[in-house]
Amino acid sequence: MTLSSTTPRPLIAGNWKMNGLSVALDEARAVAAALEAKPPAARVAIFPPATLLHRLSQAVEGAHLLTGGQDCHGKSSGAHTGDVSAEMVADAGGSLVICGHSERRTDHGETSAQVAGKAEAAAAAGLEPIVCVGETLETREAGQAVSFVVSQVRDSLPTSLAGKAFSVAYEPLWAIGTGRTASVDNIVEMHAAIRAELVSRFCEQGRTVLILYGGSVKPENAREILAAPEVGGALVGGASLKAKDFLAIIQAL
């Protein structure tokens, strides 16, 4: 991406998903130490399992490394067994939270309306939501990818985010763990469509909202992807589990 005086710093977000026991904290410490030695051009965040969030936040406190939750509930409290509220994420030391990740939408049937509720709750708790959108292979092959994703953006972002910090992550489901790769042209086309919708919804603020790419970003492809127009960072999955790989992506900027 090309930075200007009004463009926020890029964001490289490492989503550990359902991976990581206590020993994984050593990987986070290694990332933090490397970023202290050489401050990054981007903001960097790790999203560990909820069981590690508090300990990881303490382990990297004061470093150039943010932490966040992989999900939050739309309610602040109540009879929601197994769920975590946005306030709990913040209380554990997180400053960001992922809302509507493709695996949450697929595995748990989360709708865009529910995602919007999560994003609203996150912002109200002082967290920065990363709202995820993306299409399946079937939708893309039907020629409906752009219209589908734009609709997701529209329905997943509550108007209450106006004036609040948030970002959008584009996850092409067909390029995650399938062996398929989204071309830079695919990425640029979709990010441009998302940008247009953001400007339509949020006016000038929509011009500076970061749009992250989240389709199997790895050290080998990070530089090309991060240099593409309208790509404001990356939502990284498996490659964020090892400090060496994650740092290579961070340093690609």
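For all residues, glycine too, the Cβ spot is worked out from N, Cα and C.
Swiss-Prot annotations:
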{"type": "BINDING", "residues": "Asn15, Trp16, Lys17, Gly177, Ser216, Gly237, Gly238", "note": "substrate binding site"}
{"type": "ACT_SITE", "residues": "His101", "note": "active site, electrophile"}
{"type": "ACT_SITE", "residues": "Glu171", "note": "active site, proton acceptor"}
Taking the centre of the Cβ atoms of Asn15, Trp16, Lys17, Gly177, Ser216, Gly237, Gly238 as the substrate site, the remaining residues of that chain with Cβ inside 8 Å are Ile176, Val236, Ala239, Ser240, Leu241
State the three-class DSSP label for Gly238 (substrate binding site), counting H, G and I as helix, E and B as strand, and everything else as coil. helix
Lowest local Cβ density among Gly177, Gly237, Gly238, which the record lists as binding-site residues, within 10 Å: Gly177
Can you tell me which of the binding-site residues Gly177, Ser216, Gly237 is spatially closest to Glu171 (active site, proton acceptor)? Compare CA atoms only. Ser216
I want to check the contact list for Asn15 (substrate binding site): same chain, sequence separation of six or more, C-beta distance under 8 angstroms. What comes out? Phe47, Gln70, Ile98, His101, Leu235, Val236, Gly237, Ser240
Give the sequence-ordered list of residues that share a chain with Ser216 (substrate binding site), lie 6 or more positions from it, and have CB atoms under 8 Å from its CB. Ala175, Ile176, Gly177, Thr181, Gly237
If H, G and I count as helix, E and B as strand, and all else as coil, what does DSSP give for Trp16 (substrate binding site)? coil
Need one number for the substrate-binding residues Asn15, Trp16, Lys17, Gly177, Ser216, Gly237, Gly238: the maximum pairwise CA distance in Å, whole number please. 15
